[in-house]
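For reference, TrEMBL has these:
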- 1-17: signal peptide (SIGNAL)
- 68-99: transmembrane segment (TRANSMEM)
- 229-248: transmembrane segment (TRANSMEM)
- 268-294: transmembrane segment (TRANSMEM)
- 306-331: transmembrane segment (TRANSMEM)
- 337-359: transmembrane segment (TRANSMEM)
Amino acid sequence: MAAPLALVLVVAVTVRAALFRSSLAEFISERVEVVSPLSSWKRVVEGLSLLDLGVSPYSGAVFHETPLIIYLFHFLIDYAELVFMITDALTAIALYFAIQDFNKVVFKKQKLLLELDQYAPDVAELIRTPMEMRYIPLKVAMFYLLNPYTILSCVAKSTCAINNTLIAFFILATMKGSAFLSAIFLALATYQSLYPLTLFVPGLLYLLQRQYIPVKVKSKAFWIFSWEYAMMYVGSLVVVVCLSFFLLSSWDFIPAVYGFMEHPIFFMFIQIAIIAIFKSYPTVGDVALYMAFFPVWNHLYRFLRNIFVLACIIIICSLLFPVLWHLWIYAGSANSNFFYAITLTFNIGQILLISDYFYAFLRREYYLTHGLYLTTKDGTEAMLVLK
């Protein structure tokens with residue numbers, strides 16, 4: 001599988017190198033769909049110029065990049081294009097090996113459940129085979145490297161690509177069961193952007209499944225208030241959970257209510273998608289990361305209800321972004337509401353798409369335990385309604 005991956009990497013790097021040398025590079029770097037004030041390369045260059053003049057880049061209100069990034073490019077400014085191409089390649093490689101490990105875990109768990117007769121007898125066609133899962137890691141790498149959103153982010157030198165790399169290595173470290181590296185990469189990703197903090201729970205759940213032992217955090221003066229605030233939240237949560245236990249005299253509600261405790265990787269996928277949809281100043285680079293995971297869930301395609309319509313919505317919106325921006329900013333024949341409407345439609349399309357995957361996942365899990373062909377008491381075909 002190394003040769004196909006190498007071929008994909010060569011094609012991806014060639015496409016990016018060609019675009020970097022074309023007249024489109026400057027145009028792409030100015031697109032609001034591709035870069036934001038938080039991830040723009042122009043802001044990084046401005047920060048470096050201020051730093052060289054002995055002025056703090058943070059003295060104004062226009063620079064929002066982290067100090068590590070600005071000092072990294074202080075030494076690598078002449079190799080920026082190469083850095084971003086390597087960054088994309090590393091992300092794809094990390095995702096490739098992470099999904100390889102994930103497939104092994106899925107197949108092992110599936111084999112165990114089959115041996116324990118945990119699946120219904122008529123769900124043979126839902127069981128995943130090694131041949132079916134063999135090319136998924138390569139497809140994930142291809143979905144990331146050859147995704148137009150990823151290519152545009154790289155050519156625009158959006159620092160969103162660096163955050164994607166950190167998240168990809170967090171996923172890889174988590175899959176490998178390395179709590180130390182997982183925490184480091186999650187911390188770095190959170191340092192770059194606060195939103196990856198929400199990946200802590202699915203990451204911890206996966207590590208706990210591998211018999212992870214939590215590490216105690218040292219107490220410092222800065223953490224006193226943080227600890228108190230956290231205790232108020234945790235204390236309230238404990239009270240509510242304990243109240244639920246006293247009402248039911250059972251802990252059975254936990255797996256029923258928080259069902260994805262058994263599926264932390266799908267939980268992680270949903271969280272990455274939610275971050276991309278609801279974060280401030282999102283760009284297409286954020287979308288590209290969770291889209292790379294679509295091949296991992298190819299076994300859900302048969303249960304997706306609106307995939308064609310939603311794919312058309314996302315593609316059409318992507319094509320209309322630059323058109324409506326031009327009509328608003330340059331032609332003056334439209335106003336901001338046109339561009340706002342298309343971004344709103346794009347986000348609605350993403351929300352419905354992720355909801356469809358959510359529905360398909362739950363539906364398949366239900367069929368695995370209750371059978372694929374459901375019937376009512378009188379023997380007629382039953383309709384499955386998820387509430």
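Cβ atoms here come from the backbone N, Cα and C positions, even for glycine.
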Quick one: do the transmembrane segment (337-359) and the transmembrane segment (68-99) have at least 3 Cβ pairs under 8 Å, skipping pairs fewer than 6 apart in sequence?
no
Using a Cβ-Cβ cut-off of under 8 Å, list the residues of the same chain that are 6+ residues beyond the ends of the signal peptide (1-17) and lie near it.
81, 84-85, 88-89, 92-93, 96, 137-138, 141-142, 145-146, 151, 154-155
Long-range neighbours of the transmembrane segment (68-99), counting only residues six or more past its ends (CB under 8 A):
5, 8-9, 12-13, 16-17, 20, 41, 44-45, 47-48, 51, 57, 136-138, 140-141, 144-145, 150, 154, 157, 159, 161-162, 164-165, 168-169, 171-172, 174-175, 191-192, 289, 292-293, 296
